[in-house]
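**Q** My questions will all concern the structure given below.
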Amino acid sequence: MKTNTYNSMCEVDSKSDEPSSGWKIHNGRTDILEGIRVYYVWMIWGWHDIRQRYRRSILGPFWFTLTTLIMVGALGFLYSQLLGQQISEYLPYLGIGLVVWQFISTAANEACMTFIGSAHIIKQIRMPLTTHVCRMAWRNFIILLHSLPVVILFMLFFGHSLTLEAFLIIPGLLISLLNAIWVGIVLGILCARFRDISPIIVNLFQVCFFVTPVMWRTADLKDRAWIADMNPFYYLIEIIRAPILGSPISMSTWALCIIILVVGFCFAQYLMNRYRDRVAYWL
């Protein structure tokens, strides 16, 4: 069944001399563009991964929603008491931070195993390596979209309402998805070559969680607010959290996130252009 599925994706269009997927006309320089272009492949794969994870489950993907509901509710109540915060204000802030951080950290951790986990496909079918990365990014993006509505429901429950600034979440989500792609390419290539990088990334993100404004606010640091200002994860979370909470986002925050995105893709393109053909041998 799987073999037939993979072969059907590589079929040549009878009305054209070129493959319908474009997989046979790519190299290190065009891998990223070709991989993103065949969105119909990695979107289907991403949905398939979600369905397989909760196969024969009654709730299916909505387990993500239920898990988020329990986690945000429990941690929001606990830490609002420990930190002396009003739960009506603190819980939405914490909830969005946790959901977005879970997306960032999970995408980074899974990126380390993207090419390694897809080794059986990479060794048999010549297709853009970026397709496997997009599959991973899209899978985690679906989980993010299943979890965010829970936080919005908490906001409505505590009397908050969404403003017009909430529409800014659209570019914020797009930037987050694209960041997951270039991070997946970079870590996927590096971890295919150096297997010790994967556990380093896992431990690094555990430390970064505590120095990122997820469970605490930057205003609480007062003269130590520079800790958050120097943390790029803070800005990547803020472009999603601020629109939902109705807070303004400075142009410097958008500019920094775009710079991270552009520089990240430039580095990913460099690695792909130089090492793409070696990945299969490293696996």
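Glycine residues also receive a Cβ, built from the backbone N, Cα and C atoms like all the rest.
Straight out of TrEMBL:
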DOMAIN    46-242  domain 'ABC-2 type transporter transmembrane'
REGION    1-20  region 'Disordered'
TRANSMEM  58-79  transmembrane segment
TRANSMEM  91-116  transmembrane segment
TRANSMEM  137-160  transmembrane segment
TRANSMEM  166-190  transmembrane segment
TRANSMEM  197-216  transmembrane segment
TRANSMEM  253-272  transmembrane segment
**Q** Out of 58-79, 91-116, 137-160, 166-190, 253-272, what stretch is closest in contact terms to the transmembrane segment (197-216), meaning most Cβ pairs under 8 angstroms?
**A** 91-116
**Q** Which residues, given as numbers and ranges, are at least 6 beyond the ends of the transmembrane segment (253-272) yet have a Cβ under 8 Å from it?
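**A** Residues packing against the transmembrane segment (253-272) from afar: 28-29, 31-32, 129-130, 175, 178-179, 181-183, 185-186, 189-190, 232, 235-236, 238-239.
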